[in-house]
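Q: Here it is, the structure in full.
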Amino acid sequence: MEITYASTSSRDVTTAERPVSPSSSSAMPHSRPVKVIPLQHPTAPSSSSSAAAAGNSLWLRWRSKVKRMTCAQWIEVFLPCVRWIRTYKWREYFQIDLMAGITVGVMLVPQAMSYAKLAGLEPIYGLYSGFVPVFVYAIFGSSRQLAVGPVALVSLLVSNVLGAIVDSSDELYTELAILLAFMVGVLECIMGLLRLGWLIRFISHSVISGFTTASAIVIGLSQAKYFLGYDIVRSSKIVPLIKSIIAGADGFSWPPFVMGCVILAILLVMKHLGKSRKYLRFLRAAGPLTAVVLGTAFVKIFNPSSISLVGEIPEGLPSFSVPKDFGYITSLIPTALLITGVAILESVGIAKALAAKNGYELDSNQELFGLGVSNILGSFFSAYPTTGSFSRSAVNHESGAKTGVSGIVTGIIMGCALLFLTPLFEYIPQCTLAAIVISAVMGLVDYEEAIFLWRVDKKDFLLWTITSTTTLFLGIEIGVLVGVGASLAFVIHESANPHIAVLGRLPGTTVYRNVEQYPEAYTYNGIVIVRIDAPIYFANISHIKDRLREYEIEVDKSTRRGPEVDRVYFVILEMAPVTYVDSSAVQALKDLYQEYNSRDIQIAISNPNRDILLTLSKSGVVDMIGKEWFFVRVHDAVQVCLQRVQSIKEMPTTPDPPPEERPSLLQRLLRQTGEDLSIPELESGNQRPPASTDTNPQLEPLLPRKP
């Protein structure tokens, strides 16, 4: 349906103010019909009834969804493993899952001991952390390829916070690490149940990359003591670590340094071959086990006294015990929150990527709940905080894992190691475990990301630099806080200073685009078309008003067409990209209308969505501006405004009356005389009367006619 507006003239100006039928417009020999699609104005219910309706709608949708759920679907909500158990193809999947589970298990055993040492714990607690949580996650986790267990970054966070509370040799240190696992699990479950995983989206990828890069460097330096043969200070800052390394240079020992470097070189070569050649990809997973076997064999054969060993490791499975020392909860909350954030960013991100690659859907909040349950139950069996591992998950995926059976197999491997292999572990050199940690974290040093950000987005590069620098020099907690704060500051700045574009018409079309992006687009004299590319709310309304005033004054006349007038008479706001307006924006629109009205400038609104139109209607803005100034398309608004500009141009020049007697825009339209110009002349600015009176309604208004 379209409404046809006739061009305004002195004989019947009222036809320009109200819709007329095509038959009546054809009776006007000197006017051309302007076809405008009518904008549907929603009815404005009372605020209380609309709020109640919204609440009822949400309740009805939720109740309908709950009613539609079957018993099997309810079981799947709490036990996601049921989804793959029901469709498991034993002949096709079991052999693949078995091999993937063995591969990851062989990789996890030495890594778990290495990461426990990084966390300041005895190696046995790394094995415990890779045992129970793996089984629990296979049942409650929704990802079928994610490999859960100890990871380097979480281990560093545990070491950093607990080292400031108690000495690592104290039994309280171990109790607090187990308590921390319980706290992290509770936080993850709460966030999963309340569906708060979206909060972490405010941390940008550049912040995470900078944080992990700096943390990897700190982790690598913290392991240097096992290579150098002497103790260095425990710190998460790079300066104290380097000072300690230099200060203790007198205690340098060659045997552990040479052995550590050789093992590290073997690990890096095997990792490179496993990544670069598909038929050798088993080498990537076998690297840590190979390092442990070579190191242990060397010690058993040569018995070097200068190389420190892991020492005796308790044999057997972990016993059930409730976490203790709840009095330290307050001091552990910040670290628990930080570890939870790392778990969301690392684990959920990896899990989603693996789910997409393997063709199944994954609920991030359900994934958080699964990780939380695995940490809670793990803390009852002496595990410290665990999460999804990037390297082991990648190996699991590359090994072809199809379901959580691979995780169960990995747990069985860990159980066998705890039952039968711990006597062999006491001969593992400390420098071998350090080499395993260093080779794992070297992949976290993401310098390629920094180069990419420098080329693509300087702001993100600045975020990366700020986060990595503060993490290196001020510590992990401060680095994360500064990085997140800078990221939020950038978000707020972008939101408070949204992109606003002046639109022009592309030649030969009714399409209006940014004149800076499309230099060939032209505008019309007396009309400014502005597109606001963001929600309008209290933080950015001042910026928007300032930009509108600038556009009113700074007019580029080189690409303008239409009747030549000395100033702006119409401002058209294209609001298609605007998704939300608040009360501050509504009041600002009222103020802007009053300001423009005092200078005889009319506002026109184009293509607002239903919610915005409803807000403007309830606040009285629609009645203030006038429903006739709300349009479906920018082109509709331009058609009406262009004819009004032409009418203003044709008004006779008279001395300016006193301000109190100055006629309004409508009064001047009522006094106008003369005929309308043809469409091509309106575009070109030629003010000669039209020779043709063609009023074919099928022609698109304002388009040049073909000869």
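Keep in mind that glycine also has a Cβ here, set from the backbone N, Cα and C atoms.
Those TrEMBL annotations? Automatic predictions, nothing curated.
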Q: Of the ranges 326-345, 526-545, which one does TrEMBL flag as transmembrane segment?
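A: It is 326-345 that TrEMBL annotates as transmembrane segment.
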Q: Which stretch, out of 68-90, 206-228, 620-642, is listed as transmembrane segment by TrEMBL?
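A: TrEMBL lists transmembrane segment for residues 206-228.
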Q: Could you give the residue numbers and ranges of same-chain residues that sit at least 6 residues beyond the transmembrane segment (206-228) on either side and whose C-beta is under 8 angstroms from one of its C-beta atoms?
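A: Cβ under 8 Å, 6 or more out: 118, 152-153, 156, 159, 234-238, 241-242, 245, 248, 251-253, 256-257, 260-261, 308, 345, 430-431, 433-435, 437-438, 441-442, 444-447, 449-450, 453, 460-461, 463-469, 471-472, 476, 479-480, 483-484, 486-487.
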Q: Can you work out which residues elsewhere in the same chain, 6+ from the ends of the transmembrane segment (172-194), have a Cβ less than 8 Å from its Cβ atoms?
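A: Cβ under 8 Å, 6 or more out: 119-122, 125, 129, 158, 161-162, 165-166, 323-326, 328-329, 332-333, 335-337, 339-340, 343-344, 365-379, 382-386.
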Q: With Cβ distances under 8 Å as the criterion, find the stretch in 147-166, 282-302, 461-492 that has the most pairs with the transmembrane segment (401-421).
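A: Per the Cβ count, the answer is 147-166.
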Q: Taking 3+ C-beta pairs under 8 angstroms (sequence gap of 6 or more) as contact, is the transmembrane segment (461-492) in contact with the transmembrane segment (282-302)?
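A: Stretch pair does not touch.
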Q: Determine how many residues of the domain 'STAS' (517-641) DSSP places in helix, in strand and in coil.
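A: Looking at the domain 'STAS' (517-641) with DSSP, the answer is 57 helix, 25 strand, 43 coil.
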Q: Are the transmembrane segment (282-302) and the transmembrane segment (124-140) close, by which I mean at least 3 Cβ pairs under 8 Å that are 6+ residues apart in sequence?
A: no
Q: Report the mean pLDDT of the predicted model across the domain 'STAS' (517-641), rounded to a whole number.
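A: Taking every residue in the domain 'STAS' (517-641) and averaging pLDDT yields 88.
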Q: Please identify the stretch among 147-166, 326-345, 427-445 with the greatest number of Cβ pairs below 8 Å relative to the transmembrane segment (124-140).
A: 147-166
